[in-house]
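One structure is given below, encoded as structure tokens.
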């Protein structure tokens, strides 16, 4: 539960720029834009309903790109965090890497709130992205490895739905706290609470087992059983087949390239992760650009993801749909919903305008993103699970880096951003069909396990 609720905090960090970078109505009481910022401050009048970095540092006209730049720096940080934290947690353990990342996430979050100028704000967002993305990835894997494979779809979906609820909670905070610095401070403070609670978490038993630490893995399993109200178990694990000898090197990212069964799987997954991130964050960040109430649009963009949870749980556990077909359908529907916005008139009516289709597309791509985390976890062996997720998340962050700039294409046509999201979503949906199904299939613990007959079905399907 600690790791699940922690996702609400992650959501507020990810969505921060949507509200603190929002542009209120403004009026310049002279013709043209003054050349200097000091002169601009004398002539510009912002609406007084909220403050943002735009109102404090006058990021309009030629300076407007800095809002999108700060958002892209955050996603660039996520990219670096995914590259570094995944392999680190495979070597050092899930818990120490997760706690270290959360500590620095809180520190840099406060730097963001107290930044004296835009440059420090932007740099702090970059560092928040590094630690936020890294330990969010590790926390997801840690959650999955606390439970048996039969619960992976449930915990994976629940983890992502708490992120969606976190978006709505952040919108509510923004509605109540209109001064951007106070909003940044309040939304960052729960991280301190989660940091203190996280010291109570045990290490991943699957990671301990994959490292040959069977006695420690048994102790963690006993602890989990006792926490679940079970009596002490008579538990004895067999030595892991993938345990390393002292003269062997731990598996690393290069194994994703060396092993043919993992190489093509990784290439396909990298593109699908990129598209899911590109469409998901593009539609999320575009919520601030839609007509209507800013806070309502942001809240709806989060709440619309909640129905994706039961939808995923229903379809991915059915033998006639599974992970692969379900994700293909969700990505295809998300793409079509975005493309069809170009045929609707732009107006303030939610039921008739493109806003409704955009929200439908957001729900579908969030469902696909939800499945993708679970699906990818099952496609990699335990010794490479974080490395595989890290590489895929790395490509995912390129989508996040580009997504903030796509809404600016609305200057050409209001439907252009949605068409871009739609075409990329359709392409990823079709490519998903090239991956194997993992429903009711065994999970490999080591690279050698992939070569055994019981795992061959994963590369021959």
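Note that the numbers count up from 1, one per residue, in the order the chain is shown.
Note that Cβ sites are derived from N, Cα and C of the backbone, with glycine treated the same way.
Per TrEMBL, these features apply:
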DOMAIN    1-440  domain 'Major facilitator superfamily (MFS) profile'
TRANSMEM  66-85  transmembrane segment
TRANSMEM  97-116  transmembrane segment
TRANSMEM  122-142  transmembrane segment
TRANSMEM  154-174  transmembrane segment
TRANSMEM  266-283  transmembrane segment
TRANSMEM  295-316  transmembrane segment
TRANSMEM  328-345  transmembrane segment
TRANSMEM  351-375  transmembrane segment
TRANSMEM  387-406  transmembrane segment
TRANSMEM  418-435  transmembrane segment
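As a quick check, the transmembrane segment (266-283) and the transmembrane segment (122-142) miss the bar of 3 or more Cβ pairs under 8 A, pairs 6 or more apart, so the two do not touch. Long-range contacts of the transmembrane segment (154-174) within its own chain (CB-CB distance under 8 A, at least 6 residues past either end) are made by residues 3-5, 7-12, 15-16, 19, 50, 140, 143-144, 146-147, 183, 186-187, 284, 295-296, 298-299, 301-306, 308-309, 312-313, 366, 369-370, 373-374, 377. As a quick check, the transmembrane segment (122-142) and the transmembrane segment (418-435) miss the bar of 3 or more Cβ pairs under 8 A, pairs 6 or more apart, so the two do not touch. Between the transmembrane segment (418-435) and the stretches 66-85, 295-316, 328-345, 351-375, Cβ pairs under 8 Å are most numerous for 328-345. Contact between the transmembrane segment (387-406) and the transmembrane segment (66-85) is supported by 3 or more Cβ pairs under 8 Å, counting only residues 6 or more apart in sequence. Within its own chain, the transmembrane segment (328-345) is flanked in space by residues 272, 275-276, 279, 283, 315, 321, 352-354, 357-358, 360-362, 364-365, 367-368, 371, 413, 415, 418-419, 421-430, 432-433, which lie at least six positions past its ends and keep a Cβ under 8 Å from the stretch.
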